[in-house]
Amino acid sequence: MRMDNESTVSEFILLGLPIRPEDQAVYSALFLVLYLTTVLGNLLIILLIRLDPNLHTPMYFFLSHLALTDISFSSVTVPKMLVNMLTHSQSISYTGCVSQVYFFIVFGSIDSFLLTSMAYDRYVAICHPLHYTIIMNLSLCVLLVGMSWVLSSANALVQTLLLARLSHFRNNTIPHYFCDLSTLLKLSSSDTTINDLIILVLGNGVITLPFICILVSYGYIGVTILKTPSIKGIRKALSTCGSHLCVVSLYYGSIIGLYCVPSSNNTSDKNAIVAVMYTVVTPMLNPFIYSLRNRDMKGALRNILSRTQ
């Protein structure tokens, strides 16, 4: 629906994924399976960490919060997408759209901070093993998680409030399956200079800076391993860092592919497909990555299963 430059909106139209109408049922079933796998898999991780005393360590403390965040992050967009696909309705209210933007930014930012905290945990464990228990104490772990929530919520609140002041839109049709902040700003007929500036500043603080911290952490880890090269040491490093590196690659790889590729190469369909990677696929794969590659998690699962027999 085209609108004049001075029109306000009460709802938006989500065009969704580039799927043919006759294939909607098949893809909705697929996304439902992926979503349920995400929820159940991450709940299993939280349950195992909660029940197994051997997993009451800083790394698994962060992992349990990452699992909870992944459930929440996927739940911000996938249920609404499934409802729209099943009911053939593409509308979302203005309030619902703004709320979706807020929670999407919150949980996406928390993911970034938690991955950084986990990288720091691995850095301390490998580079300063004798001081690990002193440095990575419970107070620091709680502080890092708490700061992740506070900073992410503040970031989301600022960007959402700035979005809410943009009451005029040229068009209420969003070429996406959820309310993407950058897409909404492009639809606005109001001045978005401040919004763009805040996105640049806070985006670097929430995404780029944590990513640099992760790279620096693994740089020090690599140097430490090279100082004492041994097959046993390399295997130990890979066993403790491999899962985390896989998740970091999936998460930041998707974001870089979506936001750092030149805009001339970014089509709406491509943006929506790439967004599926970090809103649906990555949260779904995390439990498999951490369970299949992690002996502690597999051991905890065997212990739980043996108790039930």
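Each residue, glycine too, has its Cβ placed from N, Cα and C.
Here TrEMBL flags 41-290 as domain 'G-protein coupled receptors family 1 profile'.
What TrEMBL records for 25-48 (among others) is transmembrane segment. Distant neighbours of the transmembrane segment (25-48): 17, 19, 55, 63-64, 67-68, 70-71, 74-75, 78-79, 81-82, 85-86, 280-281, 283-284, 286-288, 290-291, 297, 300-301, 304; these residues of the same chain sit at least 6 beyond its ends, with a Cβ under 8 Å from one of its Cβ atoms.
Tertiary neighbourhood of the transmembrane segment (60-81): same-chain residues 14, 16-17, 31, 34-35, 38-39, 42-43, 45-46, 49-50, 92, 96, 100, 103-104, 107-108, 110-111, 114-115, 117-118, 121, 141, 144-145, 148, 177-178, 247, 279-280, 282-284, 286-287, 290, 296, selected by CB-CB distance under 8 Å and a gap of 6+ residues from either end. The transmembrane segment annotation in TrEMBL covers 60-81 (among others).
Same-chain residues lying 6+ beyond the ends of the transmembrane segment (101-120) with a Cβ under 8 Å from its Cβ atoms: 59, 62-63, 65-66, 69-70, 72-73, 76-77, 141, 144-145, 147-149, 151-153, 155-157, 159-160, 163, 178-181, 184, 206-207, 210-211, 213-214, 217-218, 244, 247-248, 251, 278. TrEMBL lists 101-120 (among others) with the feature transmembrane segment.
Residues 58, 61-62, 65, 109-110, 113-114, 117, 120-121, 124-125, 206 of the same chain, all 6+ positions outside the transmembrane segment (132-151), place their C-beta atoms under 8 angstroms from a C-beta of that stretch. Here TrEMBL flags 132-151 (among others) as transmembrane segment.
Annotation source TrEMBL lists transmembrane segment at 197-226 (among others). Outside the transmembrane segment (197-226), and at least 6 residues removed from its termini, the chain residues within Cβ reach (under 8 Å) are 109, 112-113, 115-116, 119-120, 122-123, 126-127, 151-152, 155, 158-159, 162, 181-182, 185, 233-234, 237, 241, 245, 248, 252, 255.
The transmembrane segment feature in TrEMBL is assigned to 238-259 (among others).
Summarising the annotation, TrEMBL assigns transmembrane segment to 271-292 (among others). Listed by sequence, the residues of this chain that lie at least six past the ends of the transmembrane segment (271-292) yet keep a Cβ under 8 A from its Cβ atoms are 16-18, 31, 34-35, 37-38, 41-42, 44-45, 63, 66-67, 70-71, 73-74, 76-78, 108, 175-178, 180, 183, 243, 246-247, 250-251, 253-255, 257-258, 298, 301.
Confidence across the domain 'G-protein coupled receptors family 1 profile' (41-290), taken as the mean pLDDT and rounded to a whole number, stands at 87.
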